Amino acid sequence: MGSSSFLVLMVSLALVTLVAAEGVKVNIEKPGVCPADNIRCIKSDPPQCHTDQDCQGIRKCCYLHCGFKCVIPVKELEEGGNKDEDVSRPCPEPGWEAKPPGVFSTRCPQK
């Protein structure tokens, strides 16, 4: 085996190791739950994220308003709670709150 064949073999092994390590990435889910999404879509938007790890800070990767986006999560509801009745949760994005299908408000509900 010549030195060039050995070099090609070593580079190939290094690439296979890197690709295998990338595929084993652990997907750690961030705390909180995705906001309720009552929007009906004709066509989905291209995803802005695939996992929570794609999102900065506390944001989670959630399907919201016709596509996967990084959004501020809502706190988990206490046992027996109803997500649709929980008006104390933060807005999915600053200044916006999803209302019943297709209607938006520019402010969050107050307690």
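Indices start at 1 and increase along the chain as displayed.
Note: Cβ is positioned from N, Cα and C throughout, glycine not excepted.
What Swiss-Prot annotates here:
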type: SIGNAL; residues: 1-23; note: signal peptide
type: DOMAIN; residues: 27-74; note: domain 'WAP'
type: DISULFID; residues: Cys34-Cys62; note: disulfide bond
type: DISULFID; residues: Cys41-Cys66; note: disulfide bond
type: DISULFID; residues: Cys49-Cys61; note: disulfide bond
type: DISULFID; residues: Cys55-Cys70; note: disulfide bond
type: REGION; residues: 80-111; note: region 'Disordered'
Inset, instruction - Determine how many residues of the domain 'WAP' (27-74) DSSP places in helix, in strand and in coil. - result: 3 helix, 12 strand, 33 coil
Legend entry - Candidate nearest Cys41 (disulfide bond) in space, where candidates are the disulfide-bonded residues Cys34, Cys49, Cys55, Cys61, Cys62 and distance is Cα-Cα: Cys62
Legend entry - Nonlocal residues around Cys61 (disulfide bond), in sequence order (Cβ under 8 Å, 6 or more apart): Cys49, His50, Thr51, Asp52, Asp54, Cys55, Phe68, Lys69, Cys70
Legend entry - Neighbouring C-beta atoms (10 Å sphere around the C-beta of Cys62 (disulfide bond)): 23
Legend entry - Cys41 (disulfide bond) CB neighbourhood, other CB atoms within 10 A: 11
Inset, instruction - Determine the minimum-neighbour residue: among Cys34, Cys49, Cys55, Cys66, Cys70, listed as disulfide-bonded residues, which Cβ has the fewest other Cβ atoms within 10 angstroms? - result: Cys66
Inset, instruction - Whole-number Å only: compute the distance from the Cα of Cys66 (disulfide bond) to the Cα of Cys34 (disulfide bond). - result: 14
